[in-house]
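Listed features, source Swiss-Prot:
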BINDING   D23, H24, G25, K26, S27, T28, N140, K141, I142, D143  GTP binding site
DOMAIN    11-193  domain 'tr-type G'
Amino acid sequence: MNKEERAKRQSKIRNFSIIAHIDHGKSTLADRILEKTNALTQREMKAQLLDSMDLERERGITIKLNAVQLNYKAKDGEEYILHLIDTPGHVDFTYEVSRSLAACEGAILVVDAAQGIEAQTLANVYLALDNNLEILPVINKIDLPSADPERVRQEVEDVIGLDASEAVLASAKAGIGIEEILEQIVEKVPAPAGDSEEPLQCMIFDSLYDPYRGVIAYIRVVNGTVKVGDKVRMMATGKEFEVTEVGVFTPKTTQRDELTVGDVGFLAASIKNVGDTRVGDTITHAKRPAAEALPGYRKLNPMVFCGLYPIDSARYNDLRDALEKLELNDSALEFEPETSQALGFGFRCGFLGLLHMEIIQERIEREFKIDLITTAPSVIYKVYLTNGEDVIVDNPSNMPDPQSIDRVEEPFVKASIMVPNDYVGAVMEICQGKRGTFIDMQYLDETRVTLTYEIPLSEIVYDFFDQLKSNTKGYASFDYELIGYKPSKLVKMDILLNNEQVDALSFIVHRDSAYDRGKVIVEKLKELIPRQQFEVPIQATIGNKVVARSTIKAMRKNVLAKCYGGDISRKRKLLDKQKEGKKRMKSVGSVEVPQEAFMAVLKMDDN
């Protein structure tokens, strides 16, 4: 293509993504847009088409972002090229959203006509505003009996401050309003800025590993043009490669000769090493490099850590490969090797949140067929010692000796919870039970309230979200951000089985609730650990002090079965002999801890 053709094509490109709270109909809307632009034949169409991972389809959530190029003939008779970048809506995957938005000029904000604005919608809108996107509100699910589009329209204006007078009323399921949405995209979303003659700058917003083609980078071209055969350089790592193919997704990968300004597509350059392409990096030409890299994304720090161990320790290296491949297209995952006396070799992994942790675990078990044991999730604590040093602890078993600790600080988050006002009491009760401090309460309209609390991250990390949902019948929505560290009275609790400490069961707990937690966990372990041939004491200790204890009684066979009648001293002899044997067994016996027992440490707040 020559310069004029490229410029004409550029003016017809529209890059947009769809943002919404979980379950407001984002993936269905994407399906309808694909149908309307005839991207697929009727036969290829299936629900949630862009959610390509099995896990996404099963859980009905979007985890990874996805990109697709569509051709649309607008009412003005012109052909437009639309790039739709689908994004997740769940709080753990905000990072994926921020990456999608950085590659767009516009965003469709989908709001459920019955439920209105929720916490996650707001968080994503602010991300879109940070990236200076044109936001087009769409009120979805207007065919629901409980829909109230006018109230929601008012809410969009009041809460977000967007002009919603031209908001499209749509129903993705019934296919209403799809054409209006496409027309608005063409009309209101600006064409990509940038110059096809400038030195090349492409932003990598995702990547995938293909065993045959190496690493495939998903890119958005900001300036310049990239063709097959070009020598390109990654600006962050300085590595150079020759481009073997470029192309676009029409959901399927379709090869092209070149990608130019505004294009969203993929680039393969037989990159074999996973570490050479970093998401957020800029690709430029080796011969004529760009003066500076594009502003990447802020690197996300993991909030939650846990140990992952292969059940079969021979598969340790397979687990490392699996984690490296997942890290490639999930740049928020971090991991490093660790060992545990109870579980052998494994990895300490950092995640953005619990859903993220669960998804990674399931992906390893499914995609790589490795059975895992996970330890209790924990957060990063800062421990200040009496000798003036400070240590960072992300694994409870590394906690220093209590005598040498001056104070411990833990991370706090500011949680905003949107909830119908019938449930305010229930939510406040949960937050107080989680050591939350009440900050603020605001009414959005007559029926909904936003509560703001400061809560320790370690309290949210396990089942806060589940409790919130179950106590508000699923109506509460919740978003949190880290605000920093504050001192807390924290102690480390160890669990001893048969007088031996099991390092993988240790956890850090607030001193006030230590006694109760200890009692609950000891009872729970008593139910879960199978009975042995000898008696097993279970103890919960803080330092050298035992705070709770329980005993698993021994299984024993009836040694008196053969004595019919007979003398008492004969029976006594047999019983004493059995006791002696059990004692010997106890001194050498070791106790197998099942995976359920590790999970029990986590699910302690069930009662």
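Placement of Cβ uses the backbone N, Cα and C atoms for every residue, glycine included.
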Would you pick out, from the binding-site residues S27, N140, the residue whose Cβ has the largest number of other Cβ atoms within 10 Å? N140
Kindly state the mean pLDDT of the domain 'tr-type G' (11-193) in the predicted structure. 72
I142 (GTP binding site) -> DSSP, reduced to three states, gives coil
